[in-house]
Amino acid sequence: MRLQRSPALAAVLILITCVCAFYTTAAINIPLEIEQLPTITAQPPSSLIAFPFDESFPMTCEAKGNPRPEFRWTKNGQEFNHSVDPRLMKEENSGTFVIPNNGNLTEYQGTYRCYASNTLGTAVSQDVEFIVSNEPKFPKETLDPVKVDEGQPFILKCDPPTGIPPLQIYWMTISMQHIEQDERVSVGLNGDLYFSHAMEKDSRTDYCCFASFPRIRTIVQKTAMSVHVKPRARRSESAIAILERRPSLLTPPGVQSEKQLVKGDDLELECIPGGIPTPKVEWAKMGLELPDGAEVENHGKLLIIPRADQKDSGKYMCKAKNPLGEAVHYFTVTVEEPPEWVSEPRSQLSMIGTDVLIKCSARGTPEPSITWRVNGVPLKDSPAANRRIFDDTIIIRNAKASDSAVYQCEASNRHGSLLSNANIMIRNLPPMILTKDGEGYFAVESRGVTLHCNAFSSPPSTITWSKEDSSESVEGSRFKIHDNGSLEISRAEKSDAGQYTCLAKNTEGSSNIDAMLYVKDATRIVVTPEDQQILKGSEAQLSCLAEYDESFSHDFELVWEKDDIELSFNDTVNLRYFVEDSVLHIVNVSHGDQGVYRCVARTPVDQDEASALLMVLDVPDAPENLVLSEHRGRSVKLTWIPGDDHNSSITDFIIEYEENKWEMGKWRELLRVSRNQNSAVLRLHGHVEYRFRVYGVNSVGAGPPSKPTEMYRTPPAAPDKNPENIKIEGHLPHEMDINWEPLLPIEHNGPGLEYKVSYRRQDVEEEWTEHTVKRHSFVVKNTPTFVPYEIKVQTKNNQGWGPEPRIVSGYSGEDFPSTAPDDVAVEVMNSSVVKVTWTPVHKDKLRGHLGGYRINWWRLRSLVDSKKRHGDKHMLTFPGDRNHATVPGLTPFSEYSLIVMTFNGRGNGPGSHPINFKTPEGVPEKNPVFRVTDVQRHSVSLTWTPPSEPNGILTGYLLEYQLVNGTEEVGALQTIDINNPKTSKWVLRDLEPLSKYKLYLRSCTTKGCGPVVSEECTTDLETSLASVHGGISTQGWFIGLMCAIALLTLIVLIACFVNRNKGGKYSVKEKEDLHPDVESQGMNDDTFCEYSDNDEKPLKGSQHSLSREIKAGDSGDSLVDYGDEDAQFNEDGSFIGEYGPRKEKRVSAEIKAPVQTPA
């Protein structure tokens, strides 16, 4: 029932709408525990096509409600009881049934609708059309041949069968060759094959139309058609002119037509002309330009506007033109729309006694019609006193619980329909909180958290939140209660933790739940992974260290992701990945490891993440697609496509070649080009077959080479170069040897390589003498000795001569110098160096290139020993032209002889007359032997041998010593001058007992003292018995004393033996302490003296004593000082008079050193 619109009623409607808006909800989700209307939750699509290859076809219908809905179906508007058909498969508690593909589906074809009902109402699904496709077939027919005159247009009809779209048409021959299409021949949208004009080549008997239906995987073929084109006689130009025809349109017919399509479909307009010459087709939109995106296909005959909409409506024109005229057709295009919701009816939950508005409106072209139903029944068949329809709105006044129902609104036009169910529930309900009671929530400090309280009631409830049994609602800027009842706490603090209570209250009652809030420390990554560039094959390490709330110690996890995919460390695929101490290790990095790695530190309440980019560096990949072009004999252009540089820019490309004639299989570098080039022109040698390859170089290294090119053969040519490094030598006086570096085989440029050697004397006028050889050397015979020549060497092969050679100069063979240097003189510089001078040999006497001068010398004798003896000969070479030289390393105080000679490339010339000379005295050499022979409590005995080379007349020795007891400051250096060169022994006396001394000895001549030799020793604690044995062993009293000691020792031994047998003990250590072994003390490491010849200087901190000369008559050499002129010596020469009566002697106070005596 429809009412006329009136201003008063409109005002009432607006007021009711405002009131209802307060009590209704936009979209309700009623808990299933509450009695409610059925709601369709799943339904089939608007059409269901029965493809022959599908096993079954489900007709889906699912719904929810309380009580549980029951289902029924209609087919083509009539009841359809699917439960009684045993062939249909059904599901329990569901409206869905399945149609099996048993080969007989035609009886199920139709339009279905599902109804879901309970005691409160009925919900309705949209219509679904079940389409059973018949197999498309062309009719069996006999087609007459098409006969047409040459130049006439004609059409071959396809008339494809109907089937499931899309349809695709192909024109082919019996042998499956496509009919070639162009501006003259084309296939229309209807599948026909159009010919603008016939030609003789169009005559054939196997034109076949193939219709393809891809959705049902079917292709069908029409009976082959035959075309016979009757040619025209071409006897004159007028006959040719007759063939020309004005344009005409083969399709579409007439001057104008209308085109309707649905918004979103592609607009396709087609004009196929006939005529000679073949007309060109132009397209235009009347009054406007063609829309953006418009496309012209099929050689200009088809205009396509993809996804057309309202703005593409209008008038279009196609024009076919050739030189004889034009043909025009106009299209009136209308773009229509299927229904589209403007205001879709919404489910509502309203209170008893309120007014309910249900609004439904849609738009479309043509205008959709609106149909209302309630519980699946047309509204007119289910009247209600308090329900009225106003335009597009249903109004239910003073609604009661019995007014609860499912209202259906359906909007339809010729392009489709829309159906919407609106559940209208009229109920008063106390609050029901759907959120679980006692729910626990975890918050992170300084972050927000939301506590939920989802309440359902009618009318809507008022929600309040309180904390810790407080009746007052939570307050503060950080607390916000949302319309859905949730409590949002922003920037949570530790003090916010505790128990919260949500209270939902309306006019029908109240309900409450508790919630527990826990506030935790935030999870934070403190050590983040860093971006890395790493070489392939090495190991990458990414660090990630996080801090988190300690209560989550068992729930914390650190996860690694690569390119948003979590890495698993437990499978065999990622054996190269492992985590150790919060560090991700990637072993043997490959290209596949490159990417973004994300570290995720996660607890049950929050997480933090950090990422890093890992870039894998490697040598460049091999270049690809090598192409040889611009072949120009001995040059060719090579182009390539660079390979991946693997994150390190390519710096160079290296071009290599391989030739198959001289060094097959060996690749050599030909050219190096910069990174911004991907081509190069290659200059090549002649008569060679080449292959080329390229590889790139970056900072990591050289990459693999590309695949080689095909072989490229260059034509033969004359040589490009002449030999290099020409050498002219003369090994014999009357010959000249000419040698050069031969050309490499690849440089021959062709067969038959030879060398032309040309030479002539440089100092006289003469013609070139020429010889042609194949080897790379030539000997010129019978030349004068050492004269200058000019030489040149030129290459030649079967193709011609090489470039003009350059001229080089050289000399013929050398001979030995013919004379010796004159005026040889020797100037003695010092005891070991002399200067030798001479007059150089004239160049005419050299007979070759001057090599320099040589000095030979030998020692005749030492001036210490008058006996002559020739020493070894020595030689020094001095290159170049000179007249003096210095001869070092001579032995002082010796007589020498020397000669001087010159030499050239052939050898030495004669020597000069020998010159004898003498070297002055020098300092002696080092003493070869210097050692300590005896060590006492206060003295040390020394012995030595004179130097092997005194280098003069020995005048004596310089003996020095000092105390070195291991402290940093050593004792003063004491000096003794020994003026007797024949002295070879000495005794140092008045030394400190058990002290370490450093001893130094040097030999001296009038020129000074030589290098020092040194020795170390340590004095004894007590006087050695061995040293006094020789003096007293012959005295009677001493013999008696020794016998008494022996007897006493025997008695003590017997007593000890007896005591031991009685159980007593004898302390060996105690005896050793009481009776030390003198001999063993003498062998102690501290007193064992070793010879040393490398301590050339006194120790640091020593001071020299006042020097003095000890004369032979009254010095320490005198035996009178000891009071016994008949003093005796041991067999080893040691003096023992120290133990006899001694006569004191006064020593000068200025001399700090004790008086010493020679051994």
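Our numbering is plain: 1 for the first residue shown, then up by one each step along the chain.
From the backbone N, Cα and C atoms, a Cβ is placed for every residue, glycine too.
Predicted, not measured: the structure shown is a model, and the values here were computed from it.
Quick look at what TrEMBL annotates:
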COMPBIAS  1140-1149  compositional bias 'Basic and acidic residues'
DOMAIN    38-125  domain 'Ig-like'
DOMAIN    136-226  domain 'Ig-like'
DOMAIN    247-334  domain 'Ig-like'
DOMAIN    339-425  domain 'Ig-like'
DOMAIN    430-518  domain 'Ig-like'
DOMAIN    523-611  domain 'Ig-like'
DOMAIN    622-717  domain 'Fibronectin type-III'
DOMAIN    722-815  domain 'Fibronectin type-III'
DOMAIN    820-922  domain 'Fibronectin type-III'
DOMAIN    924-1023  domain 'Fibronectin type-III'
REGION    704-723  region 'Disordered'
REGION    1071-1159  region 'Disordered'
SIGNAL    1-21  signal peptide
TRANSMEM  1037-1058  transmembrane segment
Would you mind listing the long-range same-chain contacts of the region 'Disordered' (704-723), meaning Cβ under 8 Å and 6+ residues beyond its ends?
619, 621-624, 626-628, 631, 633-634, 636, 638, 640, 643, 656, 658, 660, 667, 684-695, 740-743, 747-751, 753, 755, 776, 793-803, 805-806
Go ahead and report the DSSP secondary structure tallies for the domain 'Ig-like' (136-226): helix first, then strand, then coil.
6 helix, 35 strand, 50 coil
DSSP helix/strand/coil residue counts for the domain 'Fibronectin type-III' (924-1023):
0 helix, 47 strand, 53 coil
Relative to the domain 'Ig-like' (339-425), which of 38-125, 820-922, 924-1023 accounts for the most Cβ pairs at distances under 8 Å?
38-125
What is the three-state DSSP composition of the domain 'Ig-like' (247-334), stated as helix, strand and coil residue counts?
3 helix, 54 strand, 31 coil
